[in-house]
Amino acid sequence: MPAGAKAFELVAKFCYGIKIEITSSNVVSLRCAAEYLRMTEDYGEGNLIVQAEAFLDEVFGSWTDSIKALEACEEVLPFAEEIHIVPRCIDSLAVKAFADPNVFNLPVAAQPDAQSKGDVILWNGISSSANKPQPIGEDWWFQDVSFLNLPLYKRLILAVESRGMKPETISASLIYYAKRYLPLLSRQSSSDHASNVNPGETISFPSETDQRVILEEIVTLLPNKKGVTSPKFLIMLLRTAMVLHASPSCRENLEKKAGAQLDQAVLVDLLIPNMGYSVETLYDIDCAQRMLDHFMSLNQDAALSTPPCIVEEGHFLGGPDTLQPLTMVASLVDGFLAEVAPDVNLKPSKFEALAATIPDYARPLDDGVYRAIDVYLKAHPWLNDTEREHLCRLMNCQKLSLEASTHAAQNERLPLRVIVQVLFFEQLRLRTSVSGWFYVSENLDNSQNPSGNLEYLKNGGSHQINSKGRAVGVDDMKERVSELEKECLTMKQELQKILKAKRSWKIFSKTFGFRRKLQPCNSEASCELKEPEASANGLQNHENGGMPQ
């Protein structure tokens, strides 16, 4: 008999005319027992089936009573399904989940009973905000439905989704439910797990097998819309799936969902501990590679269809919005590489594969990948010159900042060929900068005095232009040129030190003309920087069979 002895006792009392109390907790068992005993109107007017159905109609009008009735269906689930009590309970709850709780006078668990701290108490003891309705969020029903078992909860989520509930709300409810029954997920969360449990309430977590089933079902219920579920929570689910040994399809689904939103992730999210049986590295590099590959497959086509951008000082000038996610992921991957580089078990092939996945145009500056390469070379001193050169090909020496170039020129861990490239491009940058200063100064003079008649007035060693009341400080330009000369002199001195220690550099020094001494600039006369013919000839010789550009 459905519901066992308790239901039989109530039915017996009803048959003998003893008054019984029908509640939202026992009406489902009574209705199933009456159906099992065929207590219809054919055997007596006002029989138990009719009275139970009448009370059920009242139950479906209340949120709390509908929750209690649905929970009671778990005990007599096959019978309750047969007489359609479960679908009616779920439909009732789905309708009310869309409505304002104040309309149906629904109790909200998260709504505090005591007065808030912001209330103002008047002289007669009445709160000034007593008549003001408290704002209620869309998550008011999360805690109530979290007590349902997984099959009933899944049916409720599908019901509210079919009625058009926002994916953000559905995702938030799934997160609440997952944190309640997956302790591993709660420990990774920044918020305390007790926030999902009432004070003083003790909850028994399911077994590991049941947790795996819950996790796999939640993954299938997550909305597919991009941006609805945060990548932080998706990667937390992925870590839990690895610990619980979830199915490969479940982990692959999570990797794709997280990879599609990799531009919204942070470095801590990618540091997934390696859960494999043959643990080679501390962090799961293969998982990060798969997520990155999925992100690039979704975004690289859109980025390639856009016009190229101008890169200056680490920023895109006039670049399209489609490159912004790629730039953020490039910075994320560079930080991840620097974090995993000290692992002595990390093979160069995996390091190169992960770094090479990011295209060159996605990095405004290569300082991040240079730092990762430097950390890797420091942690792997046994690499030969060929392997070091392969790693250094991942960075573009022309896209290093001034600080990174200065550090690279003095970095003994880098191959000699790379150091020469850094110094060469730094010299070109210096010449371009100085030429730009003279070009701007000449154009400014021509634009301010097109007729050629300028009146110069000496004032403290500086020249003033009186044509339009604006002044051009020649001393400032001289000071800038002097600073650039000092930088060039410093780089050449560092190079001479390396030349003394490395005799093999004589070929490079003769080719590029680094032995020529810097001519001091006369402060009273104008500075002229002439490019030595040896540099041009040396560059041509290396293009034919020497250093890679």
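Note that Cβ sites are derived from N, Cα and C of the backbone, with glycine treated the same way.
TrEMBL does not curate its annotations; it predicts them automatically.
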Among ranges 166-193, 194-221, 474-501, whichever one TrEMBL labels coiled coil: 474-501
508-528, 529-549 - the one TrEMBL records as region 'Disordered': 529-549
Averaged pLDDT score, the domain 'NPH3' (139-429): 86
